[in-house]
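Remarks on the structure that follows.
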């Protein structure tokens with residue numbers, strides 16, 4: 001018998017299956033992602049408590065760090081509840097519009113995180129290459145405009161992706177082989193021409209991630225040139241030390257981001273590997289960022305210790 005082609009017109013419900021090939025163990029995998037989410041929630045919440053209340057941290061670098069922490073909390077809130085519901089409770093179904101909403105928030109917050117990393121690189125560039133003008137260049141009004149532009153850029157570009165998916169009406173399947181609603185995972189379900197969706201996805205990816213990564217690299221090339229021209233080795237080491245946290249965060253974010261981005265479009269990666277790594281890309285940086293920046297800052301370390309001592313004292 002010839003195979004029966006089934007199409008779905010304007011489906012109202014989509015099915016998330018979790019991790020294809022690992023359905024029998026994804027219940028236990030959920031605990032590792034849950035632990036990472038708890039770390040991210042705790043660490044970023046502490047940063048959002050400490051930075052606004054500590055006057056010595058009211059500097060551009062830490063204002064950007066607070067925005068990054070808020071973005072990371074948003075990412076965890078967008079992905080974790082439904083993903084863990086799939087893993088633990090078999091809650092596979094999701095309304096089509098809810099899936100689009102999750103897709104929008106995940107990719108918009110990714111774009112915002114990338115933009116904030118670029119802003120932090122610019123802050124380091126000004127602080128090291130033109131330190132006398134650092135305060136006058138990065139004024140509160142300039143910081144506000146930079147953050148607003150990052151938010152508007154990500155929101156507008158990712159909205160375009162959601163709008164283009166909404167114009168699709170005919171789907172050959174309603175089953176998403178993923179643990180959350182990712183752009184290409186949803187687009188590949190369509191039984192219509194999706195070339196414009198693919199092209200727009202590439203455009204948005206390169207406009208945000210590609211643009212930001214290029215300018216972050218340029219910033220650090222200029223920073224390293226300026227540092228190498230410093231006469232004293234102690235001054236050079238101190239300058240490098242102020243950048244190490246940001247370099248680590250930059251590398252972890254963009255290496256995982258580009259692997260996830262290209263493997264879904266051009267690669268032949270095993271689906272379970274792709275999904276595990278793409279989920280780690282969303283959840284691991286939010287968990288590590290507070291640790292990386294907190295460990296390097298004495299004020300943050302001291303305030304964290306005070307918070308835990310206060311909690312411990314109140315329990316006794």
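Using the three backbone atoms N, Cα and C, a Cβ is placed for every residue, glycine included.
Keep in mind that this is a model prediction, so the values were computed, not measured.
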Candidate ranges 126-145, 146-165 [criterion: TrEMBL lists as transmembrane segment]: 146-165
Annotated transmembrane segment segment (source TrEMBL; candidates 98-119, 274-295): 274-295
Stretch carrying transmembrane segment according to TrEMBL (options 5-23, 62-80): 62-80
Confidence summary (mean pLDDT) of the domain 'G-protein coupled receptors family 1 profile' (43-293): 87
